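Below: the structure, in structure tokens.
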């Protein structure tokens, strides 16, 4: 059976997640800071989960099981590793809110071009529905982060200018093993970067609003 030619439960989950984007806050009008954070966290959670499930679906469809461990140890270097972004919750706690927002913005913007080619990675392009939808979700999150930065910029010192890393486009020639491994590595980076953004936003939201049930 050709890869991507049938619907696995995971595949259905990916499609469902793509449709369940929070509609109650399609834009970021003037609103309380707590609401801005809540909306941004919700968007980051959806994108991270979508990226994780898509990575798993790609792995299931194209990477033989006996090669997965080896490939994971040699996956592509992530451009996000070239900036001094925190790698986890404890590191993020040491950064100011504005620093975390700047890191988040750089990570999001580094994927705006590559994701426009993402639907061509799968033989069945119903994964993600269309690249445009993923692009729009990233743009929404970018807008939310920028709204938070506008709210906080007068209260925080301006940090150093960050270099903006960029990722290669996804390769659509899936019969080529090098292309498969390149896309596998890119999807891994996409998942890792969105996990970082989700973590940063949760750290900021939790320490600002002191939620007793806060989980990161």
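The backbone N, Cα and C atoms fix where each Cβ goes, glycine too.
Per Swiss-Prot, the feature signal peptide maps to 1-25; the stated evidence is similarity to another entry. The Zn(2+) binding site annotation in Swiss-Prot covers 46, 198. Swiss-Prot lists 78-189, 206-214 with the feature disulfide bond.
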Residue 206 (disulfide bond), number of other Cβ atoms within 10 Å: 19
Rounded inter-Cα distance in Å - residue 189 (disulfide bond), residue 206 (disulfide bond): 26
Rounded inter-Cα distance in Å - residue 206 (disulfide bond), residue 198 (Zn(2+) binding site): 12
Local Cβ density at residue 189 (disulfide bond) - other Cβ atoms counted within 10 Å: 24
For residue 46 (Zn(2+) binding site), the number of other Cβ atoms found within 10 Å of its own Cβ: 20
Recorded positions compared (78, 198) - highest count of Cβ atoms within 10 Å: 198
Length of the line joining the Cα atoms of residue 46 (Zn(2+) binding site) and residue 78 (disulfide bond), in Å: 21
Rounded distance in angstrom between the Cα atoms of residue 198 (Zn(2+) binding site) and residue 78 (disulfide bond): 17
